[in-house]
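Participant: So TrEMBL lists the following for this protein:
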- 63, 113, 157, 164, 188, 240, 258: substrate binding site (BINDING)
Ligand code: DON
């Protein structure tokens, strides 16, 4: 497969397309990002590594961090985490509260905000220094000891975080948060504020395309079974109420963030990260979805 030719060809089509959508300006700092950025990076399980456009520029990964959080919780606690958070698509927006009362405080999955907040609570209960442990985990899977949170973005989100504050308090009232909501939310806003490039993201996700084992140093991060399950969750829940559409158009497990990033994984083949900050109505990158749809069309390969 000539990936370079395909990336070039898809870029030539997607770049000049009209950039429709909106920035995630409900987080003030994210409203300041240049909307026309477009970067892509591909990392393969046989050590091929290639980027195009703004692939080396850092951006706010936001909800993509939820994959790192659930991987760390799964690694630390094993199957017990599924008692606290379910594995069903929610069919609702990422920040929705509506299902929680009927579901007795058990979020539908770890990728909606409610689920990620519960995962943060689990990490706080089981790790001595959760922020440090989380950063060390992400640094390890991406072979990059310099990755860090962006306090400015975390503070910006916290200053307007009414919805997440409500979610956390509501789940606490239903008995599924052990720690103080303020501590849980502080951790949640921090992990959403992580900044990475497309290159760093595709490298960090590569172990999920490689049965749970890092390609660079062969270190086992998750078991094969755990890896299958995380990929299944990304497939069914990674794009909120647009997860069906992403499976339909792209056909790969993936995860988006309101910073405009999307990472997708093709088991036994590659991971690919795309960044374009303008979001569609469901909060997923407009051109990111378009790029990946054309990429899997051109490569004629998906998990289906
Ligand atoms: O909690 C929030 O609203 C953001 N920190 C993350 C949301 C997000 O990225 C949803 N993704 N598409």
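Each Cβ is built from the backbone N, Cα and C atoms, and glycine gets one as well.
How buried are these features, and what lies next to them?
Facilitator: Secondary structure at residue 164 (substrate binding site), as computed by DSSP, is helix. Other Cβ atoms within 10 Å of the Cβ of residue 164 (substrate binding site) number 22 in total over all chains.
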Participant: What is the biggest Cα to Cα gap, in Å, among 63, 113, 157, 164, 188, 240, 258, the residues listed as binding substrate?
Facilitator: 20
Participant: Ranked by the number of other Cβ atoms within 10 Å of their own Cβ, which of the binding-site residues 63, 113 ranks first?
Facilitator: 63
Participant: Measuring CB to CB from residue 240 (substrate binding site), give everything in the same chain under 8 Å that is also at least six residues away in sequence.
Facilitator: 90, 92, 93, 94, 111, 112, 282, 283, 284
